[in-house]
Amino acid sequence: MKYSIASLITLAWTVTTVNAAVPVWGQCGGLNYTGDKTCAAGSTCVYSNDWYSQCLPGTATTTTTTTTTRTSTTSTRTSTTTSTNTSTSRTSSTSTTRTSSTSTTSTATPSGTCGTFGNPYESGYTTYLSPFYVAEVNAAIANASSPALAAKFPAVAQIPNFTWFDVVAKVPTLNTYLADAASIASKIIVQIVVYDLPDRDCHALASNGEFKIANNGVNNYKGYIDGIAAAVSAYPQVRVVAVVEPDSLANLVTNLSDQRCANAQSAYLECTKYAIEKLRQCNIWLYLDAGHAGWLGWASNQDPAAQMFAQVYSGVPNNRVRGLATNVANYNALQAVSPDPVTQGNPTVDELSYIRAIGPKLASRGFPAKFLVDQGRSGVQNIRDAWGNWCNIEGAGFGLRPTTNTPDALIDAIVWIKPGGEADGTSDTSAVRYDATCGLNDAKKPAPEAGQWFQAYFEDLVKYANPAF
Ligand code: BGC
């Protein structure tokens with residue numbers, strides 16, 4: 001008997017439509033969430049934050065969060081990249097081990113004793129597929145607007161992207177992912193985003209976080225980092241590539257006139273230093289987020305930015321900071337065919353020109369930075385009304401696939417850092433985290449809270465993907 005792939009997908013689509021339980025790693029609750037709250041057999045719905053509960057394997061030993069009430073903030077959101085050429089064919093996780101979270105102090109080995117500190121994506125390494133994202137995409141098949149489109153989704157799930165640790169409650173899942181990865185291949189990379197600074201997203205509202213500086217946020221953050229460090233130490237055989245705190249240092253370069261960023265400055269610097277100090281295991285590679293061409297790429301911002309990053313870099317001896325990540329969750333081209341009209345006035349029109357401009361400025365200040373570039377949502381150009389717009393840009397498509405085949409030796413890899421299909425921020429004007437940028441003309445609406453699944457947006461990314469799926 002022969003079935004075409006399309007008919008099998010159609011079948012899967014039909015079947016999953018009937019079977020309503022949320023799959024393991026899927027969303028099962030949160031503010032504004034209207035979907036199914038029943039987890040598939042063998043998993044339990046665990047509260048993660050006010051906006052998110054997730055089906056985790058096993059009968060969860062519940063992780064409780066000390067969630068404080070959010071106040072608002074504003075932001076200039078950018079994005080970054082993801083990586084590489086090899087992907088596993090794994091589509092779901094089988095691991096059920098959950099270790100407890102928290103503040104174990106990790107034993108960091110100074111990188112001086114770690115041997116060569118080269119490109120983590122060197123050949124022979126495969127990149128782990130986030131089971132969480134795979135589950136999101138599988139759930140999207142059930143909700144697809146057409147079987148023909150749904151037939152393209154499984155290929156998206158095979159492209160690795162980064163797992164964002166945006167709340168401390170998710171840290172225990174890092175142990176699960178690392179254990180799972182270790183069981184799949186001996187040379188494997190797990191890609192994560194460290195993202196829980198106190199007073200996070202100081203120049204915007206959509207991604208305001210759970211920790212407040214005024215409410216023990218710096219110490220809470222240190223506990224969060226300790227949890228990540230302990231997991232990384234527990235799996236020395238797995239390579240971890242970590243993008244550190246999207247937008248934060250860039251905000252300190254350009255947005256100190258915003259009182260919220262000025263207030264957060266010393267906490268951001270202390271917390272970033274702590275993260276770099278604790279995450280010095282030989283199996284981790286850190287890339288600090290460096291905004292994008294349309295932000296720190298402006299000529300007048302390049303030197304102050306290079307100064308800031310070089311200072312942070314040199315503040316921790318024997319660190320594991322390999323370089324910077326650019327265009328995280330943004331839409332810029334790596335190499336624009338022709339400059340997007342919104343770039344007018346800035347000769348640094350794309351990520352390659354930004355990296356070629358700032359790379360030498362960093363090196364001359366003692367930071368020989370290499371780069372990751374997010375191209376996950378950069379497939380379609382000339383779709384923004386203004387370069388600073390960052391929220392759920394309408395018409396975006398999945399972009400260049402992760403690869404180490406890059407146009408400059410400064411770039412370690414093209415990667416997908418923002419999980420395509422997760423929202424940048426809500427368009428609900430009554431929401432606490434509503435940011436006006438998400439209500440602009442070029443933002444797709446209606447959009448759910450940042451990080452939540454945005455089915456219509458995911459479908460557009462697939463439809464407009466370039467290269468196509
Ligand atoms: C959100 C996070 C989310 C991340 C990846 C950010 O904008 O604030 O909650 O994990 O995007 O989708």
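Backbone N, Cα and C atoms are what each Cβ position is placed from, and that goes for glycine too.
Note that the coordinates shown come from a computational prediction; the quantities given were computed from them, not determined experimentally.
Of all the Cβ atoms in the protein chains shown, 29 others lie within 10 Å of the Cβ of ASP247 (active site, proton donor). Positions annotated as active site, proton donor by TrEMBL: ASP247.
Within 10 Å of the C-beta atom of ASP424 (active site, proton acceptor) sit 29 other C-beta atoms, taking all shown protein chains into account. Feature annotation from TrEMBL assigns active site, proton acceptor to ASP424.
Summarising the annotation, TrEMBL assigns substrate binding site to TRP164, ASP166, HIS292, TRP295, ASN330, TRP390, LYS418, GLU422. Around the Cβ of GLU422 (substrate binding site), a 10 Å sphere holds 20 further Cβ atoms from the protein chains shown.
Note on the domain 'CBM1' (20-56): mean pLDDT across this stretch is 73. Under the heading domain 'CBM1', TrEMBL lists 20-56.
What TrEMBL records for 1-20 is signal peptide.
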Could you state the whole-number distance in Å separating the C-alpha atoms of TRP390 (substrate binding site) and ASP424 (active site, proton acceptor)?
8
To the nearest whole angstrom, state the Cα distance for the pair HIS292 (substrate binding site) and ASP247 (active site, proton donor).
10
Using a 10 Å radius around each Cβ and all protein chains in view, which of these binding-site residues has the most neighbours: HIS292, LYS418?
HIS292
Measuring Cα to Cα, how many angstrom lie between ASP166 (substrate binding site) and ASP424 (active site, proton acceptor)?
13
How far is it from GLU422 (substrate binding site) to ASP247 (active site, proton donor), counting Cα to Cα, in Å?
17
